[in-house]
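K.L.:
Annotations for this protein, taken from TrEMBL, read as follows:
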- 211-227: compositional bias 'Basic and acidic residues' (COMPBIAS)
- 237-249: compositional bias 'Acidic residues' (COMPBIAS)
- 257-268: compositional bias 'Acidic residues' (COMPBIAS)
- 275-284: compositional bias 'Acidic residues' (COMPBIAS)
- 285-296: compositional bias 'Basic and acidic residues' (COMPBIAS)
- 485-494: compositional bias 'Basic and acidic residues' (COMPBIAS)
- Cys95-Cys130: disulfide bond (DISULFID)
- 202-302: region 'Disordered' (REGION)
- 480-526: region 'Disordered' (REGION)
- 1-23: signal peptide (SIGNAL)
- 451-472: transmembrane segment (TRANSMEM)
Amino acid sequence: MMGGRPLLLLLVSALLLLYESFDEDFEGRWVVSKKDEYQGVWKRAKSDGHEDYGLLVSEKARKYAIIKELDEPVTLKDGTVVLQFEVRLQNGLECGGAYIKYIRPQEAGWDAKEFDNETPYTIMFGPDKCGSTNKVHFILKHKNPKTGKYVEHHLKFPPSVPYDKLSHVYTAILKPDNEVRILIDGEEKKKANFLSADDFEPALIPPKTIPDPDDKKPEDWDERAKIPDPNAVKPDDWDEDAPMEIEDVEATKPEGWLDDEPEEIDDPEASKPEDWDDEEDGEWEAPKIDNPKCEEAPGCGEWKRPMKQNPAYKGKWHAPLIDNPNYKGIWKPQEIPNPEYFELDKPDFDPIAAIGIEIWTMQDGILFDNILIADDEKVATSILEKTWKPKYEVEKEKEKAEEAAAAADGLSEFQKKVFDILYKIADVPFLAPYKTKIIDVIEKGEKQPNITIGILVSVVVVFATVLFRILFGGKKPAAPVKPAVEAKKPKAAETEGAGSSGDKVEKEEDEKEETAAPRRRSRRET
């Protein structure tokens, strides 16, 4: 039971019900599932930067299953029980689990070599993260004494998984007064009561009554609190066809309006690319820009009277609502005694006969270590202080040093993520006319990290301004003319380095683009 226990734990070994440090090889003490779907390879490996060993998830995108039987089952009914283990997500965790299952005795019907997700457990505890899921699970499977069925009860509002690549310790303390406490790195993150409906979903104790499944709503049951007045009549002067807006006949054209000036003109600085082929590319026309004469004038082009709200508009007529004389309220089936109801002073936990790790994960590098079951909180805390804390402090110092080095180089991890997002914004199609200027601003920010926030605000303002114009009728920005090197690549450039697979792929993609999307011959390129 005490496989791989270091010497520093000998003084507390009498109070440990299970301890696994992986200081010795796990083979022979742990059983890897022989099920076909569990192809993930478990390895005993050192934690990155330490001499301490753990149980490693060594491959990406695999299912893993491994189990260790206890010498004697651990009862959870009489006193305090502490479940604790250490996990390090050395490559992060984008989608996968890193939890432990505490398995019921074999009378429940399971075989170690056939360990899988159907193997019956009493408690499932630990990190799980994928998509919108980000939680430290605590799930209790409890037997209903009336039906004999096991029901999963999930802890409500569990703590989230730490977002880093450091070692962390997860602790669940089960108390004889029905209290359960969840700790991360020795700090309490959640306290709950097993018998509280506010803490577990569904509640361990079922409701005394339930809606009668055989009760049906009468056909003449009227749930409408209000109804249209059947005696109401549309007024004679109510015009349902009157428009919502009408032309403002009192409006006059502003002085200085330029009737003969278009809103957009050809860009006088644009020139036809040297390699432009009229037969292949169509007749070249300069891109459009805003007419500078219109910027100082009140407006350009044909003037039209603005619209205003129609005072005669009333819309569709509807009869006013009155109280429904036949209203009976919202129908609900009558309540009947719940045949599955039972009373409970404390949970009827099944014993723990084994511990198992059965997970699916897209990440490798997950390292389990220092798994223990104890009947004394102080013992668990002592092991945490002696085994986890020194490693964590080393990892934290290394993390600070790396952040300082990154800052010295110009960019922190946060800033790198910010600039990655800004570059993606610059690639948004409708920002094409501004792309060059936006990239210039971003590159300036990369050289001067202290103005990162200012750069971010500037780009977001540009993005929001252009989007506002497009959505609410502003002038649509004209797309710039593609540079000559993009419009038509020289043959020499196409053949140079043809032996490179990367060049070959790029060339094939260019050919596909030319075939799938030929150059538009409209007046404005998009």
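Using the three backbone atoms N, Cα and C, a Cβ is placed for every residue, glycine included.
Give me the structural setting of these features: burial, nearby parts and distances.
P.N.:
Residues of the same chain lying 6 or more positions beyond the ends of the compositional bias 'Basic and acidic residues' (211-227) and with a Cβ under 8 Å from any Cβ of it are 321-324, 326-336.
The DSSP breakdown of the compositional bias 'Acidic residues' (275-284), given as helix, strand and coil counts, is 4 helix, 0 strand, 6 coil.
Sequence-distant neighbours of Cys95 (disulfide bond) (same chain, six or more apart, CB under 8 Å from its CB) are Lys129, Cys130, Gly131, Thr361, Met362, Gln363, listed in sequence order.
Residue counts of the region 'Disordered' (202-302) by helix, strand and coil are 9 helix, 17 strand, 75 coil (DSSP-based).
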K.L.:
Would you mind checking how many other C-beta atoms are within 10 angstroms of the C-beta on Cys130 (disulfide bond)?
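P.N.:
Excluding its own Cβ, Cys130 (disulfide bond) sees 14 Cβ atoms within 10 Å.
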